[in-house]
Amino acid sequence: MDTIFSLSPSPPPFSAAIHTGNHHSTTVFSSLRKSSSSSPEKIPLPYTPKFTKKPLKHLLNSTAPPSLSNKLWLSKKLSPPPPPTPPPTPPPFLAKNEEMQKRVENKEKGRIFVGNLPLWIKEEEVAEFFRQFGAIKNVILIKGNSGNEKNMGFGFLKYEGPIAEKAAMKAVEFDGVEFHGRVLTVKLDDGRRLKEKIEERNMWHEAMEGSGRDFKKVLETQPENWQAVVWAFERIKKPSRKEFGLMVNYYARRSDMHRARETFEKMCARGIEPTSHVYTKLVHLY
């Protein structure tokens, strides 16, 4: 294809601008016109479809991918429920008491403890002595660590049969009886005594906790009533380190150095080591 440029046959327009003090003329030529010669007609070619490199791409991804919110909603639906919250841990003394009560429940009835036995005694002789109360299942004598045949002077005896518990109750009546020159100690080992001790200990801990709570309550609500504070503190049978420290701090705030030192000395006499905070409060009073 050839391109021919030609000048316009009409004369270019003339424009003159006269300014003050200046006389000039400006001639503007029109743009060149582009003329093209006639080109031969194009012969249409047969249509050929275009094939892409990945023809299945549009088929597989025909639907739009799910949005992020849908994915999050689906993950919430499929995620497992949160685990249940664990129960609160009981105080250490309650956990120990529960363990001891389980041991008590596992103990067999009809069992007795025999103490202050001769060190040379044999199981057969102990069984023969206590067989008068009922049939004996076994006798266990605790041996020493020296490896000899001597025992530690105590053991356990277990009755059997339907009257095992009654036989053990009768055998306890032999507590204090002389046996081969020794005064025997015979007690039940079915857990009753241990259970009584556990109940007493629980009552003691409950009383201690109750008196400790009362002392803290009076200390927070009636700090100006020093008699009520002292009375609540004296109700505690065995004050802890924290309660002693609270009392020393109370006297220190009242500038009562004598009672603060007296409380401090009581704490040390009970074998309770004071904290650095208690030391500091006591030193600042002097």
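Easy rule for this one: first residue shown is 1, then count along the chain.
Cβ from N, Cα, C; glycine included.
If you look up TrEMBL, you'll see 30-39 (among others) marked as compositional bias 'Low complexity'.
The annotation compositional bias 'Low complexity' is assigned in TrEMBL to 65-78 (among others).
According to TrEMBL, the feature compositional bias 'Pro residues' maps to 79-92.
Marked as domain 'RRM' by TrEMBL: 110-191. For the domain 'RRM' (110-191), the number of residues in each DSSP class (helix H, G, I; strand E, B; coil) is 22 helix, 30 strand, 30 coil.
Per TrEMBL, region 'Disordered' is recorded for 28-92.
Taken from TrEMBL, the feature repeat 'PPR' covers 240-274. Mean pLDDT, taken over the repeat 'PPR' (240-274), works out to 85 on the 0 to 100 scale.
Same-chain residues lying 6 or more positions outside the repeat 'PPR' (240-274) and placing a CB less than 8 Å from one of its CB atoms are 212, 215-216, 219, 223, 226, 229, 233, 281-282, 284-286. Helix, strand and coil counts under DSSP for the repeat 'PPR' (240-274) come to 26 helix, 0 strand, 9 coil.
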